Amino acid sequence: MIASRTPVSLHSLLVAGGHGKRCVAGAGGRKRGRVQRRHLTQALESFWRHAPRPAPPAAAARGEANRSWQPPPLENPAFEEYYKEQRIVREEEWDDFISVLRKPLPATFRINASSQFFKDICSKLENDFKRYLESEVSDEYGEDAIRPLPWYPGNLAWHLNFSRKQLRKNQALESFHEFLKHESEVGNITRQEAVSMVPPLFLNIQPDHHVLDMCAAPGSKTFQLLEMIHQSKEPGLLPRALVVANDVNAQRCDLLIHNMKRMCTANLIVTNHEAQNFPDCRIANDLSEIYKKDCKPQRLEFDRVLCDVPCSGDGTIRKGHDMWRKWNSGMGNGLHLLQVDISMRGIALLKVGGRMVYSTCSMNPVENEAVIAELLRRSGNSVELLDVSNELPELVHRPGLSTWKVQDKGSWFQNHDDVPCDRKNVILPSMFPSNNSIQEGQSVCDDIEVNTDGISNSNTTKHSDSTPNSTSSNFPLHRCMRIVPHDQDSGAFFIAVLHKLSPLHECQMVEVTKTEVLDDDESLEEQKKISIDAHTSEDSNLTEVALVTDDVKNDQAESGNRMNKLQDQCKWKGVDPVLFFRDLTVIKSIVSFFAINISFPLEGHLVTRSADPNNARRIYYVSKSVQEILQLNVEVGEQLKIASLGLKMFETHRSKDGCPCAYRLSYEGLPLLLPYISKRILCASPNDFLRLLQYRTVNFAHFINARFGEEAASLIPGCCVVILREGHQNLDLGSITMDPTTIAIVCWRGKATLNAMVSPPDRKELLERITQRFGLKALRVEEENPRRQN
């Protein structure tokens with residue numbers, strides 16, 4: 001077309017048109033003339049459509065503005081003044097610190113060690129991409145363009161010498177970028193900021209632990225917790241541990257649920273509560289009764305609590321450049337009390353002997369050390385602050401501050417007595433390092449000795465100078481951990497690990513009322529936006545808009561015998577009920593159709609979210625630990641607002657092929673159930689397995705191995721499982737299904753075809769694994785379509 005060539009003038013078009021008219025004389029001239037006039041008309045229309053036109057004055061002004069637009073400056077005098085005054089780094093390293101903050105943050109990701117293809121991904125990184133990147137981009141990004149993070153166990157976390165933006169823009173990195181996107185989509189890797197991976201590591205999770213993630217969305221740390229509890233499980237067995245992931249906002253819960261689907265787990269419950277008012281589902285009224293009965297849970301308690309609270313998020317400033325513009329010291333002040341209340345609730349829900357990790361992606365001591373000091377003040381001798389610096393010796397970190405100041409409206413204060421009377425309701429005593437905020441009934445850990453002269457963390461720990469002539473805290477806050485960007489080319493983070501020594505007193509467990517400290521000239525909406533992008537910036541492939549508070553009404557539990565009450569509806573408005581699926585006729589039909597071994601427990605482990613359990617479209621499987629919490633929740637009147645739980649195991653089908661079983665298997669639940677199935681299993685050669693994945697629907701006669709097609713045709717219509725035969729010819733079926741490396745898919749045996757029931761992302765992953773492993777070529781559907789063969 002004319003628009004794609006050198007610009008043409010209207011005069012040249014008319015001249016060309018004139019020559020065209022003169023050449024139409026003779027036989028057939030009229031027809032050729034009409035054709036050429038039509039071409040001329042089209043050319044003229046194209047010319048007028050694409051010719052430059054004078055822009056209206058307003059549009060011209062906008063264009064001029066766009067040409068003059070410049071990215072926001074990466075500076076904020078108030079930010080620099082604040083952190084210089086707080087002395088979070090030594091004066092001689094300030095220039096290095098601020099310089100790194102202005103540089104793009106390197107991209108990082110983590111490999112899911114519980115993934116079936118974990119070894120394949122590690123091999124591809126080590127043998128393919130690492131060598132390729134070193135040869136192609138080493139001049140631009142250095143010799144170690146990609147390398148494992150030295151402090152993360154098992155070389156599961158990787159550091160890249162380029163940012164996410166550079167990863168998207170650089171053509172040499174295109175194939176690697178596509179690899180990261182796809183593996184992230186299917187749950188084999190998680191793209192996440194390096195420092196965001198640190199807090200779960202300090203929880204020291206064991207195989208039987210119940211873990212609470214209090215502020216979980218968008219879910220990168222929750223996914224990391226699930227990786228930990230699933231990493232060492234045996235084939236066909238669920239771990240005894242579980243994770244309860246909570247978030248205050250319903251929309252963010254949806255995002256959390258979406259991201260957790262990549263894991264396919266029966267050991268997760270997603271709840272929707274204010275973290276500071278998370279219910280304990282207590283049955284006994286007397287606390288002493290809770291610890292007398294060990295046979296049955298009397299309240300909801302956790303072995304580990306991750307308290308990654310909403311924060312100002314200035315530790316993510318290398319990724320969220322808008323933080324330079326919007327940062328102010330009031331952001332941290334406004335969140336301090338909410339952070340204390342959430343953390344205190346976490347301690348109350350923690351078992352004696354349990355461990356809680358408090359963390360923020362903020363550098364502000366008002367959100368960090370001040371919160372920890374207040375927790376220790378309120379908890380008395382029930383809680384201690386642990387020194388865990390030796391647990392990750394390769395992680396470069398610094399001790400927590402023992403001295404800091406509080407800024408309000410440009411003024412600095414060293415203690416609460418100096419705060420003007422009209423600001424004392426905004427600037428709280430707990431924000432200061434002194435002990436002035438001790439309230440009646442609360443005690444300080446007097447037996448803790450603080451040696452500020454010879455703090456020994458790890459060999460890599462560095463120290464910041466104390467602010468002269470300022471009040472210091474009496475608590476061992478040096479045991480907290482600060483990660484600063486220029487130590488290991490990362491973001492900034494704060495971590496503190498607390499150990500519960502004894503139950504809190506009744507006065508310490510008073511329900512936390514909803515608290516929100518607002519500046520007198522700040523609106524509620526402005527305060528809600530304080531923590532925007534704080535968690536999002538940690539999670540490279542997830543999206544989140546953090547709201548500090550949202551109204552979640554926690555109704556009081558009804559009295560009476562609730563276990564015998566019919567579960568016909570959910571007490572939470574707009575939330576589907578969680579009902580145990582107890583239709584024994586359906587369960588027996590499923591067990592018989594697939595010959596499921598009785599050693600796999602189904603009764604009591606199946607739930608549905610349908611209001612009519614007798615017509616449930618989907619049936620989910622829950623672990624024993626999740627089942628116990630569900631039963632407790634029913635007994636206390638559904639205090640937990642459950643947004644999601646369970647692993648999708650069965651779902652109804654609409655086939656009219658005459659299948660005697662009303663339900664089919666779900667691909668998500670197949671790895672768990674496969675070792676217990678002994679009927680309706682087919683073993684396919686790599687070529688036929690590839691063929692089935694490639695075309696999804698294959699006629700029985702079109703399989704390469706005729707015997708395989710005959711075996712498929714011999715089955716009665718309905719759901720079946722197809723296993724990739726990979727060196728298992730001499731092994732029995734039980735050995736194949738128990739092998740964790742076995743590749744299997746759910747299929748449907750139709751009237752004359754076999755249909756693969758696998759999602760596009762999973763199909764793509766399986767196609768890639770099989771073609772690489774066996775050196776096969778995946779043909780395009782356009783090249784050969786068996787459905788069109790004779």
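Placed from the backbone N, Cα and C atoms, the Cβ positions cover glycine too.
Model, not experiment: these values are computed from the prediction.
As annotated by TrEMBL, region 'Disordered' applies to 52-73.
The domain 'SAM-dependent MTase RsmB/NOP-type' feature in TrEMBL is assigned to 97-501.
Here TrEMBL flags C215, A216, A217, P218, G219, S220, K221, D247, D308 as S-adenosyl-L-methionine binding site.
Per TrEMBL, active site, nucleophile is recorded for C361.
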**Study point:** Alpha-carbon spacing, G219 (S-adenosyl-L-methionine binding site) to C361 (active site, nucleophile), which is rounded to whole Å
**Key:** 15
Exercise for review: Could you please provide the mean pLDDT value for the domain 'SAM-dependent MTase RsmB/NOP-type' (97-501)?
Suggested key: 86
Check your understanding: Out of the binding-site residues listed (C215, A217, D308), which are within 10 Å of C361 (active site, nucleophile), Cα to Cα?
Key -> D308
